[in-house]
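> Below: one structure in structure tokens.
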Amino acid sequence: MSALILANVEGAVGVQAAIDAVRSGRSALDAVEAALRVVESDPSVRSVGYGGAPNLLGEVECAASIMCGATLRAGAVGALRGYLHAISVARQVMERTPHVMLVGEGAAMFAAEIGEQKRDLLSDEARADYERWIREHLSADHIAEWPHVPLSRVLWPSADPETAKGTACLLIRAKNGNWGGGISTSGWAYRHPGRLGDSPIIGAGLYVDNRYGAVTCTHIGEMTIRAGTARAATAYLKRGASAEEACREALEDLRSLRGGYLGPVVVHVIDRQGNPFVASIGMEDPEPFWFWWEGMEDAECRGAVVL
């Protein structure tokens, strides 16, 4: 069975690491982790790891998840501060604990126990962007009292499609036919501290099952949490839908949401035969993604279908 890799635009800088891992015979989970560690270390990716956008108090909180298609085991972390490789911590949650998700102080405690790399994740560029955003979106009175103001009063300006997004995701099938998937993010920029999107939630932002295929989602995680989008798309594959049909059905489910914060969503689906389909709602331009099939020299950039 041919190996393959799908990565979204934020995950692109990690694709070569994934290709190298797969070509050398490493597992799908190894390839996912290797790729996302590259992304987490790259400050040019402004929504993941070091250099990622902070929350409303200027603190970088990261989330990640990883899932094995052969066993359906998964691991995730959320609201993790001070550690560079959230994806590695998530994998060790899966490998070393009876749990699926750890968050906040508990996630940081676990990261310290396993010797994960500590780092101040707020880059100079991200700090400057944050300070500029505060000046532009808060009143003079709020700035004078900052940060001793009720955050709910100043939260909604961050609910902008340009800032309420940003996730690196990869779906990989290794040479042995096993699937793996992973997500890493620093989350919605300037959000309320402790907010979790769909990235660490198995079944919302990520689902991988050798029997049917693999799915990951990006952008407004509040929507995919409500609809269970990644699991729903996998269920459509189980019923015999093609990758395109499953993706379209899952996005149609999102159109039925009423109330709450609604915005753009991108869904990436690969069926068990390795056929990819990526589509979006709430967007005007095609979202780029990268796809590699064993035998290709390099991954090729494609555009998502805009629905």
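Cβ atoms here come from the backbone N, Cα and C positions, even for glycine.
Features from TrEMBL:
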ACT_SITE  Thr167  active site, nucleophile
BINDING   Arg195, Leu196, Gly197, Asp198, Thr218, His219, Ile220, Gly221  substrate binding site
> Could you say whether, by DSSP, Thr218 (substrate binding site) belongs to a helix, a strand or a coil region?
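In the DSSP reduction, Thr218 (substrate binding site) maps to strand.
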> Calculate the distance in Å between the alpha carbons (Cα) of Thr167 (active site, nucleophile) and Thr218 (substrate binding site), and round it to a whole number.
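Computed Cα spacing between Thr167 (active site, nucleophile) and Thr218 (substrate binding site) is 6 Å.
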> Show, in sequence order, which residues other than Arg195, Leu196, Gly197, Asp198, Thr218, His219, Ile220, Gly221 on the same chain lie with their Cβ within 8 Å of the centre of the Cβ atoms of the substrate site.
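Leaving out the recorded residues gives Ala164, Lys165, Thr167, Thr185, Gly187, Trp188, Ser199, Gly205, Glu222, Met223, Thr224, Ile225.
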> A 10 Å Cβ contact count, applied to the binding-site residues Leu196, Ile220: which residue has the minimum?
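The binding-site residues Leu196, Ile220 were compared, and Leu196 has the fewest Cβ atoms within 10 Å.
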> List nothing but the one residue from Arg195, His219 whose Cβ has the fewest other Cβ atoms within 10 Å; the candidates are the binding-site residues.
Arg195
> Under 8 Å between C-beta atoms and at least six apart in sequence, can you list the same-chain neighbours of Asp198 (substrate binding site), or say none if there are none?
Ala204, Gly205, Leu206, Cys217, Gly221, Glu222, Thr224, Ile225, Thr229, Ala230
> Using the residues the record lists for substrate (Arg195, Leu196, Gly197, Asp198, Thr218, His219, Ile220, Gly221), what whole-number Å value is the largest Cα to Cα distance?
16
